[in-house]
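Trainee: Feature annotation from Swiss-Prot assigns topological domain 'Cytoplasmic' to 1-44, 122-127, 180-185, 242-324, 366-372, 437-453, 497-546; the stated evidence is sequence analysis. Taken from Swiss-Prot, the feature transmembrane segment covers 45-65, 101-121, 128-148, 159-179, 186-206, 221-241, 325-341, 348-365, 373-393, 416-436, 454-474, 476-496, and the record attributes it to sequence analysis. Feature annotation from Swiss-Prot assigns topological domain 'Extracellular' to 66-100, 149-158, 207-220, 342-347, 394-415. Here Swiss-Prot flags Asn75 as N-linked glycosylation site.
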Amino acid sequence: MVSSSVSILGTSAKASTSLSRKDEIKLTPETREASLDIPYKPIIAYWTVMGLCLMIAFGGFIFGWDTGTISGFINQTDFKRRFGELQRDGSFQLSDVRTGLIVGIFNIGCALGGLTLGRLGDIYGRKIGLMCVILVYVVGIVIQIASSDKWYQYFIGRIVSGMGVGGVAVLSPTLISEISPKHLRGTCVSFYQLMITLGIFLGYCTNYGTKKYSNSIQWRVPLGLCFAWAIFMVIGMVMVPESPRYLVEKGKYEEARRSLAKSNKVTVTDPGVVFEFDTIVANMELERAVGNASWHELFSNKGAILPRVIMGIVIQSLQQLTGCNYFFYYGTTIFNAVGMQDSFETSIVLGAVNFASTFVALYIVDKFGRRKCLLWGSASMAICFVIFATVGVTRLWPQGKDQPSSQSAGNVMIVFTCFFIFSFAITWAPIAYVIVAETYPLRVKNRAMAIAVGANWMWGFLIGFFTPFITRSIGFSYGYVFMGCLIFSYFYVFFFVCETKGLTLEEVNEMYEERIKPWKSGGWIPSSRRTPQPTSSTPLVIVDSK
């Protein structure tokens with residue numbers, strides 16, 4: 001006969017299943033990178049899923065194309081003749097008000113689209129939602145191309161196309177973040193910014209190619225190409241998998257497993273897929289237990305939702321307040337002011353720097369993490385603006401503004417503009433989207449992202465509309481305003497933005513719910529990967545058998 005006696009030494013059963021804060025801090029950041037669920041493979045094994053993410057990210061190309069082309073349109077002779085105002089000397093010019101409205105109103109449309117059309121992703125799925133918003137975008141392009149000499153018709157078309165792009169800006173990063181492997185999520189979401197920069201660059205090139213014409217080819221051809229981009233985007237959506245989190249939400253479990261397996265290049269029976277699927281289901285059940293999400297929930301402190309919403313709004317706002325669109329929207333105009341003979345060529349150079357630099361971002365965002373990149377970017381861009389503004393104010397016109405500008409000073413300004421764009425392209429440009437795409441729990445994700453990205457669009461409108469007035473008033477001193485915003489952004493990131501590198505979306509949510517201090521978040525370990533360490537309060541189970 002075998003008998004056993006069990007004695008339990010310890011005072012707290014709870015302590016046996018959780019770590020104390022002290023024990024948690026002892027764990028090393030390297031442990032965080034060790035995946036206990038789906039093992040990492042060589043990056044070449046993920047080419048397929050990365051290609052799919054690139055297709056989804058093509059929505060960013062559409063936005064970039066608009067940014068790159070509109071900066072040239074407002075300087076094209078036919079565009080000014082049709083939509084400008086007749087001057088005393090017989091020429092046509094766009095007034096500051098009309099220029100600001102035509103450039104900036106696109107962002108208002110984007111904000112409206114993000115807040116209203118982003119909801120389609122929750123109702124019909126991310127893929128179908130993206131197809132729907134692309135259709136809205138096409139309607140806006142048709143209105144713009146059909147405009148003949150009524151600037152307000154073109155204005156309305158930009159609002160409608162902006163609504164489509166706003167929906168894309170919410171749904172595209174969302175879908176990428178939900179289908180990409182967690183250790184490549186930062187890189188894959190950064191594809192969206194890569195496509196934006198490609199669109200800006202090719203938009204500049206197209207403007208350069210059409211400026212030699214004297215009729216509506218100058219601006220209607222670039223607009224007509226938008227139909228090709230829309231068709232390519234829709235075809236791409238047919239090929240990509242649906243979000244596994246959306247599929248679980250709709251009860252399509254087998255499809256969700258296949259989507260996870262496809263993203264991680266394993267079979268549906270792989271233990272890692274089973275573990276991640278079970279985690280998604282468990283989190284979904286918890287969300288269902290508390291009912292459907294409402295707009296009011298975004299302003300609740302429960303689950304640290306409100307601090308995350310505020311953080312997303314501020315990060316997206318600060319991306320605009322870096323001053324990036326000061327160059328992208330008005331680059332052609334700016335370099336006319338510094339004496340460049342062909343400012344269209346200069347814009348192409350800036351677009352090329354922007355596009356090439358973003359490839360660096362694809363590497364560093366998951367190599368060095370979100371916080372370090374944002375901090376470095378804020379500091380370097382602030383330095384660039386100090387030099388750009390100081391040279392522009394004190395050295396560009398040594399004999400007065402009514403005299404020729406200094407070529408050497410103009411060259412210095414262009415060089416530091418390139419340094420600024422390099423710093424922006426590898427840090428704030430992609431990472432602002434990465435942050436908002438991985439910060440929110442699924443039940444409020446689309447609403448929270450819509451508000452955050454909407455803030456980006458609103459600031460884009462304000463900068464686009466008021467820049468002509470501000471530069472006319474204070475000139476290149478405008479750069480000091482952006483420098484101040486960049487200094488603020490440095491301290492905001494340090495005190496309020498958590499490091500999410502190497503975490504699943506569910507683990508990111510867990511970290512925020514535990515209210516980890518952002519400057520300590522780099523060493524935080526998810527509960528599923530913690531190794532309990534013996535303490536005086538840990539129960540000790542002794543089994544005697546005979």
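Using N, Cα and C of the backbone, Cβ positions are placed for all residues, glycine too.
Small disclaimer: the values here were computed from a predicted structure and weren't measured.
Looking at the shown structure, what environment does each listed feature sit in?
Mentor: Counting residues of the topological domain 'Extracellular' (66-100) by DSSP class, helix then strand then coil, yields 20 helix, 4 strand, 11 coil.
Counting same-chain residues at least six beyond the ends of the transmembrane segment (101-121), those with a Cβ under 8 angstroms from any Cβ of the stretch are 63, 66, 70, 74, 83, 94, 128-130, 132-133, 136, 140, 151, 154-155, 158-167, 169-171, 174-175, 246, 329, 446-447, 449-451, 453-454, 457-465.
Residues 171, 174-175, 178, 237, 240, 242-243, 246, 250, 446 of the same chain sit 6 or more residues outside the topological domain 'Cytoplasmic' (122-127) yet have a Cβ under 8 Å from a Cβ within it.
Sequence-remote contacts of a segment are chain residues at least 6 beyond its ends whose Cβ falls under 8 Å from one of its Cβ atoms, and for the topological domain 'Extracellular' (149-158) they are 82-84, 98, 101-102, 105-106, 109, 140-143.
Per-residue confidence over the topological domain 'Cytoplasmic' (180-185) averages 81 (mean pLDDT, predicted model).
Residues 68-69, 71-73, 76-79, 82, 145, 344-345, 347-348 of the same chain, all 6+ positions outside the topological domain 'Extracellular' (207-220), place their C-beta atoms under 8 angstroms from a C-beta of that stretch.
When the topological domain 'Cytoplasmic' (242-324) is classified with DSSP, helix, strand and coil residues number 63 helix, 0 strand, 20 coil.
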Trainee: Between the transmembrane segment (128-148) and the transmembrane segment (416-436), are there three or more CB pairs that fall under 8 A, provided the residues in each pair are separated by 6 or more in sequence?
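Mentor: The answer is no, given that the two segments have fewer than 3 Cβ pairs within the 8 Å cut-off.
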Trainee: Go through 128-148, 186-206, 373-393, 454-474, 476-496 and flag the stretch with the largest number of C-beta pairs under 8 Å relative to the transmembrane segment (159-179).
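Mentor: It is 128-148 that shares the most Cβ pairs under 8 Å with the transmembrane segment (159-179).
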Trainee: Using DSSP, what is the helix/strand/coil residue split across the topological domain 'Cytoplasmic' (366-372)?
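Mentor: Residue counts for the topological domain 'Cytoplasmic' (366-372) by secondary structure: 5 helix, 0 strand, 2 coil.
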Trainee: Who are the chain neighbours of the transmembrane segment (45-65) in space, where the CB to CB distance is under 8 Å and they lie at least 6 residues beyond its ends?
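Mentor: Beyond its ends, the transmembrane segment (45-65) has Cβ neighbours at 110, 130, 134, 137, 165, 168-169, 171-172, 175-176, 179-181, 184, 187-188, 191-203, 222, 225-226, 229-230, 232-233, 236-237, 239-241, 262-265.
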